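Peer 1: Structure below; questions to follow.
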């Protein structure tokens, strides 16, 4: 080799000058990062990671790592019964806070429970039963410190309206009660199964907008139902829609209204609303709206007893059974025609109860800066309803009004639920005869004042401002409940939630990008009007995973963008499009249909003499593209790390 160089000194100098010139030229150009071929993924590892991320994203077994068998057993028991964990650090100071909170929510729950039982078309004592056993079970198994357990208005109405479609609560009283316990049992089973198999993410399919509308509609429906007690009407419709209710109300206007009942109801309703306003205006007086229902019951009961208002047509409670919950295992339908009906009703009621409890638990956990395990909560709620169904209870869950009072009263742990439960026990054993002369009007007033808070006008206004589709979902659920039934409203809420998901999946956003002046950044030209398109290059960004449901739309939409650009270019005599760059950073995944759509797009572009270039595909997308051989089709050098690299490489190749 040295002899050859010596023989041609001029050729050697020429080669050296070429190399030096090449180096100087490359030093002047920015470095273009190449997108490397990813390592071949391990199928088993990929499936394992997907399952883990779907069902065990919070790594619930991390506490068990590197622990002895004895320690693992202790941790396992504490996982099932969290009270054994936090109970070790429980002290007198915490008990004082829980005692005050427990007594406060007990004063609120007792009159509410009697009223909510009537919404379910059950005797008053069943509402009290449901605030005795379920809170005790939850206190041992639940992880929320602030949630207050018991019957709630929405679930009570939903359960009552669905049960009375199957059985008459008056003529078939015993069968009706058995079906209620059966529904409660299956509500608990549904909740337990969702938690045990870590399927809690399923309840997230019911959007916030749909829940806001559903709750508001339920509040209106519940309030309308209370007109029977508030006006002293004896014959009242069993339907829940606003048209039927108002027709029934006005039909009884001439001879069915009782003025004494109206006076009692309106007076104490005004008192309760004023108390609620005081508590909302000044947080220090949280106890005012909490104790107002019990004061109302006491005063109205004394008024009826002293003046014997029941003789003038004022309807009263009359009788509440004394004693704690009787067993009801034998009353649950484990076979026969009512088994399937009980399962259907229970599953729906259980999901709604679960949604409400999850929202409440997360809200107060965020306020106190602690975390709750959603799946453990479901197991706890499911267990308490299963046990409750066997002890004459109907579906219980977290109550927002009571939980708010519990929080403001200074609760420290779930012991406040235990305190409340024991107060309810004392009420069942000693005080129930005193409710004999309690007027139905006061119970109606208490329920109306409690559910008014479910109508969130501010949330509806915000939905309208932020997302019109969310507002449509909200109003659809609201109108469905108010003008038809709770079940139809719920169905509309779920349907619209799924419709929104399908719309977003099947019609992803595709944006045309332009270069932001004085940068190498490329952004949506609609969001940044100052961003300019690159001559001869069309840059688009797909803002979604590419699946079978949207792959054809994605391909057709990009080709339509290209056609529109070409028509504009003909009118302005600009350089024709020679390169299409697809920015893929928002594309989280792609399936076989998506890859076929990209292949079809490449073939269509070839016919137009347009190059297809990809920018910044993610690892999962890149894995699947290489597995399909797509980079070999378009060329390995057509995949870039950034849009800027792609533009810099494609621009010098442009033909004039």
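Every residue gets a Cβ built from N, Cα and C, even glycine.
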Peer 1: Look up transmembrane segment in TrEMBL and report which of 105-124, 205-224, 225-244 it refers to.
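Peer 2: When 105-124, 205-224, 225-244 are checked in TrEMBL, transmembrane segment belongs to 205-224.
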Peer 1: To which of the residue ranges 78-100, 285-307, 308-330, 515-537 does TrEMBL assign the term transmembrane segment?
Peer 2: 285-307
Peer 1: Look up transmembrane segment in TrEMBL and report which of 19-38, 39-58, 259-278 it refers to.
Peer 2: 259-278
Peer 1: Between the stretches 205-224, 259-278, 407-428, which one has more Cβ pairs under 8 Å with the transmembrane segment (440-464) than any other?
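Peer 2: Out of the listed stretches, 205-224 contacts the transmembrane segment (440-464) most.
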Peer 1: Between the transmembrane segment (205-224) and the stretches 137-159, 179-199, 259-278, 476-499, work out which stretch tops the count of Cβ pairs under 8 Å.
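Peer 2: Comparing 137-159, 179-199, 259-278, 476-499 against the transmembrane segment (205-224), the winner is 476-499.
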Peer 1: Report, as numbers and ranges, which residues of the same chain sit near the transmembrane segment (259-278): CB under 8 Å and 6 or more residues beyond its ends.
Peer 2: 229-232, 285, 288-289, 292-293, 296, 299-300, 303-304, 309, 312-315, 439-442, 444-446, 448-449, 452-453
Peer 1: Give the one range among 179-199, 407-428, 476-499 whose Cβ atoms make the most pairs under 8 Å with those of the transmembrane segment (137-159).
Peer 2: 407-428
Peer 1: Give the residue counts of the domain 'STAS' (527-650) per reduced DSSP state, in the order helix, strand, coil.
Peer 2: 64 helix, 21 strand, 39 coil
Peer 1: Six or more residues out from either end of the transmembrane segment (179-199), which same-chain residues have a Cβ under 8 Å from its Cβ atoms?
Peer 2: 55-56, 120, 122, 126, 159, 162-163, 166-167, 328, 331-333, 338-339, 341-343, 345-347, 349-351, 353-354, 374-390, 392-395
